[in-house]
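Undergrad: This is the structure I have questions about; it appears just below.
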Ligand SMILES: *Cc1c(COP(=O)(O)O)cnc(C)c1O
């Protein structure tokens, strides 16, 4: 295996984050390497959701005045330190897709220079491009793709706003947010950062990077639960700019005045739309309360050590089986390992899942393994690699049952 089990156990003994693992409810026999798609359940989430169910039963509509209504701002403030934002700069609301749409309208609505181009990245998680295309189609803007691997500087002419992921969902490649933000601003454009694969995966410092706008989700590395709301960040100096296009009542300056005409709230609240689910917000709040105690530098260190351990355990095996490791170098990676096998990738992931090692598969040929420092131990990583080795060497992935596709992969 290249690395001994004893070595992995020694790393666990030295791990300053080891105390978080018991705060997650993971099924027996599962090695979960898919926290980059759906984070594991914090033990406290069950009680939190049950508490909200009781509150609904006992308090009925009074619950909205007992923490439900202002949850988007309260949770935004809880989340803010995790992404390097200040108080009042983050609201937890809707999903990433809608939040990008809102920011596109908000940003372009303030431009007076006639720039009409919205740039999004080829090879990014598709919804970012899809919603940019929808926005342009209905708003008389021009959508362009930044081709994957191309120089951003060569594509910024005439651009009003660009949507970029800090960490690419496929390769795990990490961008230099500070440098790129500066570059985009110097060229007279704005950038919306998508933090889907960086929030909770590594230290993010929006304020220090000079970022004005960002979105991200809470159900991946932040463990908010299936369908947990996304977040939207707008720097405090960029919250007074006018309307966002999804001008619903919760973003109104006085939602309970029930006025006919819309007037946006003067702060981050303007990015809310309409009624949200108190139940899922309570699950997310339980998780974010835990995140308040996480040392992000230690998180990064463990994340890199785990991804290295996994790769070290598998390096010789991957070579033999012709599997390509496209994981970027340590300083340029998020918290995932990305392997490519266009012929057998899908079946390999299914065979691993059958062994309790849960990763995921993305076309074409990409096997993704997410490493979540709060609930994975180094021994878990070692055991996952052992399964990988046994599964490949036995050839069990060739069994027909591992070649059947279902709706969600
Ligand atoms: C997961 C992910 C999304 C999800 O978008 P939703 O609208 O919240 O479903 C968006 N963008 C990126 C880059 C993602 O990884």
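The backbone N, Cα and C atoms fix where each Cβ goes, glycine too.
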Undergrad: From 243, 249, 291, grab the residue that TrEMBL records in the same pyridoxal 5'-phosphate site as 96, 97, 125, 126, 127, 128, 194, 197, 219, 275.
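TA: My reading of TrEMBL gives 249 as the candidate in that site.
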Undergrad: Would you mind sorting out which binding-site residues among 127, 219, 275 put a C-beta under 6 angstroms from ligand 1?
TA: 127
Undergrad: Considering each pair of residues in 96, 97, 125, 126, 127, 128, 194, 197, 219, 249, 275, all listed as binding pyridoxal 5'-phosphate, report the largest CA to CA distance in Å, no decimals.
TA: 30
Undergrad: Using a 10 Å radius around its CB, how many other CB atoms surround residue 219 (pyridoxal 5'-phosphate binding site)?
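TA: Around residue 219 (pyridoxal 5'-phosphate binding site), other Cβ atoms within 10 Å: 22.
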Undergrad: So if I measure Cβ to Cβ from residue 127 (pyridoxal 5'-phosphate binding site) and keep only same-chain residues at least 6 apart in sequence, which ones fall under 8 Å?
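TA: In sequence order, 96, 97, 100 meet the Cβ cut-off.
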Undergrad: In which DSSP state, out of helix, strand and coil, do we find residue 194 (pyridoxal 5'-phosphate binding site)?
TA: strand
